[in-house]
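Copied from Swiss-Prot, the annotated features are:
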type	residues	note
ACT_SITE	His359	active site, proton acceptor
BINDING	7-10, Lys21, Gln73, 78-79, Gly140, Glu155, Asn170, Asn224, Arg329, Lys347, Tyr362, Asn373	UDP-N-acetyl-alpha-D-glucosamine binding site
BINDING	Ala376, Asn382, Tyr383, Ala419, Arg436	acetyl-CoA binding site
REGION	1-226	region 'Pyrophosphorylase'
REGION	248-446	region 'N-acetyltransferase'
Amino acid sequence: MLAVAILAAGKGTRMKSCLPKVLQPLAGSTLVERVLTSCSGLQPQRRLLIVGHQAQEVQQQLTDWQGLEFVVQQPQNGTGHAVQQVLPVLEGFDGELLVLNGDVPLLRPSTIEHLVNEHRSSGADVTLLTARLADPTGYGRVFSDQQGRVSSIVEHRDCSDEQRHNNLTNAGIYCFNWKKLAAVLPQLCSDNDQGELYLTDTVALLPIAMHVEVADPDEVNGINDRCQLANCEALLQERLRNYWMKEGVTFTDPASCTLSEDCQFGRDVVIEPQTHLRGCCNIGDGCQLGPGSLIENAELGHGVSVLHSVVCDAKVGNEVAIGPFSHLRPGAGIADQCRIGNFVEIKKSQIGEGSKVNHLSYIGDAQLGRHVNVGAGTITANYDGVRKHLTVVGDNSKTGANSVLVAPIVLGSDVTVGAGSTLTKDVPNGALALGRSKQLIKNGWQ
């Protein structure tokens, strides 16, 4: 049996933020949710989140995580004190306890699984994750024999000059035999510079301590301030881009683009500079995104181009051209082979197959049929000051430039709207609609 305890009680004062540190965003998710996701594949029997500072906010953020148990640490008196709070919660539990940190979000699931498997196969009381750092200054050094058995952990300030040449460091991630740990946790003391109880001290109290070295030291990067947050964001973004490039996606300027882990791409997608994908995005084969575009929680079919545009909570069919400077807002649905052009905004509207909204238009709360041509400057006046109303335009209809369709209104199929018209009444199939004043010329005006 396996229980997981995630340490998430710290104040994170160096963040200088109103937001709890573990709720800081990283590539579209929070730090602590990334840690929770990384260990989900182990299917632990118990998942404990140790909270303290702004505990209520952390709990509210994680209400959708079924089976997650919250353990409150008050006051926050070190990592050992945090795990002591688990003692009554896991009374009678017989298995392993995996201890993770809520501010170490880059751990791969495979690394965690390897740590747990090695711990189980070795029969150790504790197995700690270690990392070899190019610059280990400030980190505790781990000393072990060739079989990986840990003899001691020495804090940097206590190391001799010779010991400081050892670059094997403690990553602060452990897998314990829970019963053995529970027996020694009460023995921890706060006889140190910080006056806190350190979980590290349990290693010296347990007879058999082993270690597993992480292959990529970047996985155990902790986050304490905005600089480290930015560094982890860059590392995670590079990891995501490299994965998708190996899957057939082209980034013409990778470092200028960002993704979320919930993005999915078909083959031969080209992502141009300064293009950002957030949330859950599903991008079909052969799409060209950017430059300078934002796509969020959107579904794009095959062969879609998005140039200098924003697509948010929208669904787009195949072979659609969007932009430049278009804005597809929530509820926009664009069918196959449409053209959404310069400075066009579409909100909560369905645009039928082959239709074109090419220039300077606002289409809101509307249903456009197939092969509709919307003239430059056409506006659906959907709001009466109290409620939004629907505009319906039938197949093969077209509006002239600078037309206003005052909703609620229905235009039938094959309707033509004269340029400059303001329409307030329904138009039958095949009709010409004109709603403008007669041109008046007064000669000799000046």
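Even glycines carry a Cβ here, placed using N, Cα and C.
Shown here: features listed in Swiss-Prot, placed on the structure.
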| residue | record | contacts (Cβ under 8 Å, 6+ apart) |
| --- | --- | --- |
| Leu7 | UDP-N-acetyl-alpha-D-glucosamine binding site | Ile50, Thr79, Ala82, Val83, Val99, Leu100, Asn101, Gly102 |
| Lys21 | UDP-N-acetyl-alpha-D-glucosamine binding site | Gly10, Lys11, Gly12, Met15, Leu31, Gly102, Asp103, Ile223, Asn224 |
| Gly78 | UDP-N-acetyl-alpha-D-glucosamine binding site | Ser190, Gln194, Glu196, Leu197, Tyr198, Leu199 |
| Gly140 | UDP-N-acetyl-alpha-D-glucosamine binding site | Ile153, Val154, Glu155, His156, Thr169, Asn170, Thr200 |
| Arg329 | UDP-N-acetyl-alpha-D-glucosamine binding site | Cys312, Asp313, Ala314, Glu345, Ile346, Lys347, Lys348 |
| His359 | active site, proton acceptor | Gly341, Asn342, Phe343, Val344, Gly375, Ala376, Gly377 |
| Tyr362 | UDP-N-acetyl-alpha-D-glucosamine binding site | Val344, Glu345, Ile346, Lys347, Ile379, Thr380 |
| Tyr383 | acetyl-CoA binding site | Gly364, His389 |
| Arg436 | acetyl-CoA binding site | Gly418, Ala419, Gly420, Ser421, Thr422 |
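Counting every protein chain shown, the number of other Cβ atoms lying within 10 Å of the Cβ of Ala9 (UDP-N-acetyl-alpha-D-glucosamine binding site) is 27. Here the CA atom of Ala9 (UDP-N-acetyl-alpha-D-glucosamine binding site) lies 49 Å from the CA atom of Asn382 (acetyl-CoA binding site). Annotation note: Ala376 (acetyl-CoA binding site) sits in a coil segment as assigned by DSSP. Ala376 (acetyl-CoA binding site) counts 19 other C-beta atoms within 10 Å of its own C-beta, drawing on all protein chains shown.
Asn382 (acetyl-CoA binding site) has a Cβ environment of 23 other Cβ atoms inside 10 Å. Secondary structure from DSSP puts Tyr383 (acetyl-CoA binding site) in a beta strand. In the three-state DSSP assignment, the secondary structure recorded for Ala419 (acetyl-CoA binding site) is coil. When the record's acetyl-CoA-binding residues Ala376, Asn382, Tyr383, Ala419, Arg436 are compared pairwise by CA position, the greatest distance found is 22 Å. In the shown protein chains, 22 other C-beta atoms lie within 10 A of the C-beta of Asn170 (UDP-N-acetyl-alpha-D-glucosamine binding site).
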